[in-house]
Every structure is written in structure tokens, then in C-alpha cells.
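Peer 1: Once you've had a glance at the structure underneath, I'll fire off some questions.
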Amino acid sequence: MSSVPVIPQARGLRHTGPVTVAVVSGPTAVGKGTVVGALLRSHPEIVVSRSVTTRPPRPTERDGIDYDFITPEQFDKLVDGEGLLEWATVHNSHRYGTPRGPVERAVADNRTVVLEIDLQGARQVRETYPQATQIFLAPPSWEELVHRLIGRGTETPEQQKQRLETAKVELANADEFDAVVVNDTVDHAVAHLVELLSL
């Protein structure tokens, strides 16, 4: 049996200054979508970048709201036309990406933009947009992360196993990020994000 990964502790930003683009990343089932959604509801002035993906929607997801669900061919056109700020193949299956245009328009309008993306995407944004503030959303414990993943009931046991292996890699690389927010409760995580983003 593999060992339980070390869970990063909460920490503040390593730098100061205004935050224009914020990356929120973290392992599967940590609650990225829930926390970012709650942040948007409490601060509608921010812009949350909507990702595109080639995976099918989960039962509770809506096309054009949670993600833009597109075909692999449509995704290829975006990649070829440099229409994505970042993209990655996640969990060795489906592709996800951040459309470039909406992010650039929001930045031009002096609005804070939040990108909810995985570790691979965060690394690409670090290269292409180094001024972005990178925030890692961590679970309170490994056991809680496993509980959340199994509890949502949207993946097969094999998919759960793959996602947990990916989560171990993501947790091991949390130190790459400018700050860590622990999602013990949504309210606490949102309050920490508000503080980090100076909203």
C-alpha cells in the first residue's frame, strides 16, 4: 500500500502587490469549483475564466456555465490557433484548457481574473504569464480528500484510483505555488482567498 501524502499547511503570499490574474489549483475533489463559485457569488466584480474540456459533463454540470464542453476537433483548432492560454491532458484521458481571449479582455478592463486549473496548467501559466499569483487549494487531510472524491460518485473505481495517484503528485508540488489555502470549510477558504486577492 502506498504511503499517505503530506498535506501542505496554509501560508500567505510570498510577494505583495495587486493581483490581476490568480491561478487556483489543487488536487481532484479538493473543492476548487465550489470554492471559486462561492468566491464569485460574494465578489461578482471578479471574472472567473471558464475552461474548455473534451470530457463529457458530470450530471450536475451545465455547458457554457461550468465548462464549455467541446469536441477533440474543436480543441485542436483552439490549440493550433493559439486560442488557449494553457492546456493539458488530465488524468491521462481528457483535455482541458483556458481560452486566452476572455482573460486578456478582463485584464485590459483592470478586473481580477481567476483561473481554476490543474498543476500542468498552472505551470504553463507560470511560463506564459509570470505575473499571475498562484494559489494552491489543499484538503485538510488525505482522508478527507479520498472521502470527497468517493462521495461525489462521478468516477468509476479505476478513475478514482487514477485521480488519487495524480493528487499525490499535485500535493507533492504545492511548494511551487505563491500561497496555500486549506479548504477545511468553504467559508474559511473563501475568506483566505479574499484576503490573498485583496478583494
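Using N, Cα and C of the backbone, Cβ positions are placed for all residues, glycine too.
For 19-198, the entry in Swiss-Prot reads domain 'Guanylate kinase-like'. If you look up Swiss-Prot, you'll see Gly26, Pro27, Thr28, Ala29, Val30, Gly31, Lys32, Gly33 marked as ATP binding site.
Could you tell me the structural context for the features on the list?
Peer 2: When other Cβ atoms within 10 Å of the Cβ of Gly31 (ATP binding site) are tallied across all protein chains shown, the result is 21.
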Peer 1: Going along the chain, which residues six or more apart from Pro27 (ATP binding site) have their CB under 8 A from its CB?
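Peer 2: Residues satisfying the criterion: Ala138, Pro139, Leu145, Thr166, Ala167, Glu170, Leu171.
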Peer 1: Enumerate the residues of the same chain, Gly26, Pro27, Thr28, Ala29, Val30, Gly31, Lys32, Gly33 excluded, that satisfy the criterion Cβ within 8 A of the mean position of the Cβ atoms of the recorded ATP site; list them in sequence order.
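Peer 2: So the extra residues in range turn out to be Leu137, Pro139, Leu145, Arg148, Asn183.
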Peer 1: Given the binding-site residues Gly26, Thr28, Ala29, Lys32, and counting only Cβ atoms in the protein chains shown, which has the most within 10 Å of its Cβ?
Peer 2: Gly26
Peer 1: Check the DSSP secondary structure of Thr28 (ATP binding site), expressed as helix, strand or coil.
Peer 2: coil
Peer 1: Per residue, counting other C-beta atoms within 10 angstroms of the C-beta, which of the binding-site residues Val30, Gly33 reaches the highest number?
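Peer 2: Ranked by Cβ atoms within 10 Å, first place goes to Val30.
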